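A.B. asks: Dumping what Swiss-Prot says about this protein:
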- Gly11, Pro12, Met13, Phe14, Ser15, Gly16, Lys17, Ser18: ATP binding site (BINDING)
- Glu83: active site, proton acceptor (ACT_SITE)
- Phe113, Ile157, Glu158, Leu159, Ile160, Gly161: substrate binding site (BINDING)
- Cys138, Cys141, Cys170, Cys173: Zn(2+) binding site (BINDING)
Amino acid sequence: MDYGYIHLIIGPMFSGKSTELIRIVKRYQIAQYKCCVVKYLKDIRYGNSVYTHDNNHVSAISTTLLYDVVDKIMNFDIIGIDEGQFFKDIVSFSENMANMGKIIIIAALDSTFQRKEFNDILKLIPLSEKVTKLNAVCMECYKDAAFSKRITKEKEIELIGGKEKYKSVCRKCYFLE
């Protein structure tokens, strides 16, 4: 049996995770691999596509549980997953698919706006052949930013949004009001 692998791309908001996911998927497409991308169903900002903040995009399959779309993706070699932190079954799905020979590329936030682990996404680190941690630019002081800071009053963990709700910040600016 051929084994696949897991590539986990993590970082804060605006660090280029989706851009990197799309770049890798498009590279595999050029190499004649059959590729698909899965996105989180509740992220309705861009319809049935994954968009980057600079308007690059690919079409995607939308779902809230990855196992719900297994039948749609089994014929693909490469499975890209955007916003991986939102999928409750991300760990078992990724491990099972990689063990079946699929290449799984996941873009995900590594922490919440409270700097706590985001659901089970960090459990993929010991299961991944490759982990890429990206930084953004601090939207306050322009240094490297490793954190996402919510700029609205909502308290729930799952709050989908962009610059209207979040900014990327460095350690120092995270604690500034």
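Any Cβ shown, glycine's included, is placed from N, Cα and C.
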A.B. asks: Sequence order is fine: just name those binding-site residues in Met13, Phe14, Lys17, Ile157 with a Cα within 10 angstroms of Cys170 (Zn(2+) binding site).
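C.D. replies: The binding-site residues close to Cys170 (Zn(2+) binding site) (Cα within 10 Å) - there are none.
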A.B. asks: Which of Gly11, Pro12, Gly16 (the binding-site residues) has the most other Cβ atoms within 10 Å?
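C.D. replies: Within the set of binding-site residues, the most crowded position is Pro12.
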A.B. asks: Of Glu83, Glu158, which of the recorded positions has the most Cβ neighbours inside 10 Å?
C.D. replies: Glu83
A.B. asks: Measuring Cα to Cα, tell me the gap between Leu159 (substrate binding site) and Glu83 (active site, proton acceptor) in whole angstrom.
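C.D. replies: Here the two Cα atoms lie 12 Å apart.
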A.B. asks: Setting Gly11, Pro12, Met13, Phe14, Ser15, Gly16, Lys17, Ser18 aside, what same-chain residues sit with their Cβ within 8 Å of the center of the Cβ atoms that define the ATP site, listed in sequence order?
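C.D. replies: Those within range, site residues removed, are Leu109, Leu134, Ala136, Ser168.
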A.B. asks: By CA-CA distance, flag whichever of Cys141, Ile157, Glu158, Cys173 among the binding-site residues is nearest to Ser18 (ATP binding site).
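C.D. replies: Nearest in space to Ser18 (ATP binding site), counting only the binding-site residues, is Glu158.
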A.B. asks: Other than Cys138, Cys141, Cys170, Cys173 themselves, what residues in this chain have Cβ atoms within 8 Å of the centroid of the Zn(2+) site's Cβ atoms?
C.D. replies: Met139, Glu140, Tyr142, Lys143, Ala145, Val169, Arg171, Lys172, Tyr174
A.B. asks: With every protein chain in view, what's the tally of Cβ atoms within 10 Å of the Cβ of Ser18 (ATP binding site), excluding that atom itself?
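C.D. replies: There are 23 of them.
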A.B. asks: What kind of secondary structure is Cys138 (Zn(2+) binding site) part of, going by DSSP in three states?
C.D. replies: coil
A.B. asks: Cα distance, Met13 (ATP binding site) to Cys141 (Zn(2+) binding site), nearest Å?
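C.D. replies: Cys141 (Zn(2+) binding site) to Met13 (ATP binding site), Cα-Cα distance: 16 Å.
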A.B. asks: How many Å lie between the Cα of Lys17 (ATP binding site) and the Cα of Glu83 (active site, proton acceptor)?
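C.D. replies: Roughly 9 Å, rounded to the nearest whole number.
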A.B. asks: Report, as a single number, how many Cβ atoms besides its own are within 10 Å of the Cβ of Phe14 (ATP binding site).
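C.D. replies: Phe14 (ATP binding site) is surrounded by 19 other Cβ atoms within 10 Å.
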A.B. asks: Which state, by DSSP, holds Gly11 (ATP binding site): helix, strand or coil?
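C.D. replies: Gly11 (ATP binding site) sits in a strand per DSSP.
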A.B. asks: Which one is closest to Gly16 (ATP binding site) in space, judged by CA to CA distance, out of the binding-site residues Phe113, Cys138, Glu158?
C.D. replies: Cys138
